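Beneath this line is the structure, given in C-alpha cells, with notes to follow.
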Amino acid sequence: MTDLRPGLTAIVPAAGIGSRMGAECPKQYLQLAGRTILEHTLTRLLSHPAIAQVIVALAPHDRWFDTLAVAADPRILRVEGGAERAFSVLNALHVAAGEWVLVHDAARPCLTHGDLDALIATAMACDGAILGSRVRDTMKRSDGAGNILATVDREQLWHALTPQMFPTRPLRRALEEGLALGATITDEASAMERAGFTVRMVEGRADNIKVTRPEDLSLAGLYLQQQNARQPAQPDSPTEELA
C-alpha cells in the first residue's frame with residue numbers, strides 16, 4: 001500500500017463565472033445529481049485520507065457558497081479569488097498549511113481516489129506531477145482563417161487535467177515570478193515548467209471531465225452514476241469513496 005503521507009492541502013479556484021454555460025449562476029453552483037458541482041468536487045477531495053485542508057478561492061461577492069452544506073466543514077478555508085486563476089491560486093498558497101498542495105478545478109466533480117493515489121505517489125518522487133489524458137484524436141494546426149497548415153504528431157501530446165500537485169513554496173515562487181514578468185500562466189504546471197522544474201504526467205481516467213459547456217452536465221451526471229454503481233455508497237457520502 002502506498003504511503004500517502006496525510007497532511008496535504010488542496011486548493012480549489014472557484015472565483016470564475018463560467019460564461020460559456022450561459023447560466024444565471026457560476027457553473028460550479030449548477031445542480032448535478034442532487035448537489036452542486038462544487039459540492040461534488042469538494043466532497044471528493046475531503047474524503048481522501050491524505051488531504052487535511054481544502055482552500056477555496058471565491059469571488060469577492062460570492063453569494064452561493066454559504067448555502068452549501070459542505071461550507072461548514074472545519075477543514076475548509078476560504079480566500080478571496082483573483083481576476084485570473086493564477087492570482088486565486090497564489091492567494092491560497094499564502095495560507096496553505098501543507099508542504100505539498102494539489103490544485104483542482106472546481107468544475108471537475110468526477111475525480112476518483114484512484115487517480116489521486118497515483119498522482120500523490122508520483123509527485124512526491126519528483127518535482128511535481130499532474131493528471132493528464134493522452135491525445136487520441138488526429139491533431140491539426142491551422143492559420144487564423146481556419147485553413148489546415150499541418151497534421152501534428154500526437155505521440156507525445158497530452159490533455160492537461162487536474163489535480164496538479166507541487167511543493168508549496170516552489171509553486172508559490174514560480175507563480176510570483178511568472179506573474180511579475182507578465183508571463184502567460186494557464187495552469188500551475190506552466191509556471192513550474194517556466195521556473196525550470198521537471199513536471200511528470202500521470203495518466204488519469206477519461207471521466208475526470210471539466211464541466212465547461214451545457215452538454216457537459218449530462219455527461220458528468222452519467223459518469224457519476226456509473227461510478228456510484230461500481231462501488232456501494234457510504235451512509236453520509238454517496239459519491240466520494242470511489243477508486
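We count from 1, first residue shown onward.
The backbone N, Cα and C atoms fix where each Cβ goes, glycine too.
Predicted, not measured: the structure shown is a model, and the values here were computed from it.
Features of the protein shown, as given by Swiss-Prot:
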type	residues	note
SITE	Arg20	site 'Transition state stabilizer'
SITE	Lys27	site 'Transition state stabilizer'
SITE	Arg154	site 'Positions MEP for the nucleophilic attack'
SITE	Lys210	site 'Positions MEP for the nucleophilic attack'
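DSSP classifies Lys27 (site 'Transition state stabilizer') as helix under the three-state reduction. A count of other CB atoms within 10 A of each Cβ picks out Lys27 as the most crowded of the recorded sites Lys27, Arg154, Lys210. Each residue contributes its Cα atom, and for Lys27 (site 'Transition state stabilizer') and Lys210 (site 'Positions MEP for the nucleophilic attack') these two points are 11 Å apart.
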